[in-house]
Amino acid sequence: MSRYESIDKILKVSIKFYLTQLVDISLNQRARGEKEMGNCISGDVGGGKQAIGGVQGRPTANNNAGHNDAVDHFFRARGQNPLFTQIELSISASKLRDRDITSKSDPMTILYVKKRDGTLEELGRTEVILNSLNPAWIEKINVAYQFEIVQHLVFRIYDVDTKFQGIPVKALKLNEQEFLGEATCVLSEIVTKRNRSLTLNLHSRNGPGGSRNLGTLTVHAEENFSSRMAVEMKLRCSQLDNKDMFSKSDPFLRISRLLESGNSVPICKTEVINNNLYPVWRPLYLSMQQFGSKDNPLLIECFDFNSNGDHALIGKLQKSVSELEELYKDRSGANLVFPSSRGQEKVLKGQLFVDEFIEKVQFSFLDYISSGFELNFMVAIDFTASNGNPRNPDSLHYIDPSRRLNSYQQAIMEVGEVIQFYDSDRRFPAWGFGGRAYDGTVSHCFNLNGMNAHEVEGVEGIMAAYANALHNVTLAGPTLFGHVINTAAQIAGQTISNDITKYFVLLIITDGVLTDMQETMEALVRASDLPLSILIVGVGDADFKQMEILDADNGHRLESSTGRLATRDIVQFVPMREVYSCRISVVQALLEELPGQFLSYMRSRDIKPVNA
């Protein structure tokens, strides 16, 4: 940068700061880009100048795409869940018990979700079907499917007394109806079936068992069409107001969904176009999950970028997706407006145009899973000496006689309980690293069960192998990730040529600081081309800044020593101490990116669901 360019930049920032002081306080706060969200959005590569959420073919709905740090941060900061996939459940039953004397039972089904504290929350009710022991209800019940949560469902069937049949089902008191039976399952069990249908045996409230046959209940899941729907748009502006003294503005757009409360939820932003009052942005993608429906209003704001996050509002407008489509069809523009201190809006010369508008249907995560694609779970456990002697209660590896789980056990159980439903044979490779293994040598990738085969049976098998290894492996060191990552990558790489339906998930649980950081980065860059994601849980009080670098959530892709960039982000890291402080759930934090990473791999190689 020349001396004059530096002076120009300093003057630009100084004058912009001075000018903003002259604006009414409320407008000043608005023009600062609403720092709570603006600074979060600007935290990506290039000082915030790159687009976030929805450009370059990456729609941002939670189960439909790549990760959106800005949007996810917005939700998490408010204790809300990110976007989810709407599932519609159809229910039927057969061979129900007949509880009526002069006719057959009149059944109705109620669906509950079991919450973490064991209480039941009602999600919906079917209609009542008269005189039927083999009902097929027409009324569907919607469920919000979240991959990262084990969602326990409870179905209860009641025979509705004839004297209540004129009353709406929502108003029926269940203690006045006759109980016919209940069935339980996990939502993942339904959506992972090839035909997305699951048949369950009905049982009494006391649970399965007993000789009485209460019939069966069948549940079929259909994904809401909106979770597959996306819109691609190419936006541009003309005659924007200039916010700079010695150069032109550096504009970008931020698009938010307006809520009934009047608040807005940011869903994406474009990249920054430098020094241009007639910007043309790269195409952006919005899924219907993001904007709700084509008639929902969207807030489109145009800002002049500043690297300190103090972005100046150039203008804004409200348009629904349908209205944006009309702009495209009419080849017309919509004027931006700017709020004034008098509460009125000034209509500006600047206009927004839609140069391209394409509606698309994309395959979703569940499209792949229900057609036979699987997530194959693998785990690697840290056996370095920094964990402390497993016999001492202050050790991270201490097995509590009261069966209170240590951090390693908790991570294995919680992550494994989610992923196990997506792996049909439930045979999981399990390794240890950093310990003096069964043959007496220090190994950085040894079979956890001490046998030649690295696979164990189910999550319970991992737990048993881990507990057994603590009696037979001497803690050593140092902490190296490269060996286990390369081993997992080798397994993932071997499947590419003969089975495209397998995607691998490696869970690494560690307490230490890496001593092979560069080797680990090299291994991750190579592995980014493979069907593999890596989840890292940090236990204990170590400094985990290295793990945050590997996670690459700051937008900086990992780079090898030869300058090769990772093709995609395949790492997600969470420290267990945040879990213990109740700030986050380890499962949600670790797994929320996984469907997006899975889809980014499949789409980048144009791999479609089986029999698509």
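Glycine too: its Cβ is placed from the backbone N, Cα and C atoms.
Here is what TrEMBL records for this protein:
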- 66-200: domain 'C2' (DOMAIN)
- 213-338: domain 'C2' (DOMAIN)
- 376-594: domain 'VWFA' (DOMAIN)
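Predicted-model confidence for the domain 'VWFA' (376-594) is 89, expressed as mean pLDDT. Taking H, G and I as helix, E and B as strand and the rest as coil, DSSP gives the domain 'C2' (213-338) the counts 17 helix, 59 strand, 50 coil. Secondary structure of the domain 'C2' (66-200), assigned with DSSP and counted as helix (H, G, I), strand (E, B) and coil, comes to 23 helix, 51 strand, 61 coil.
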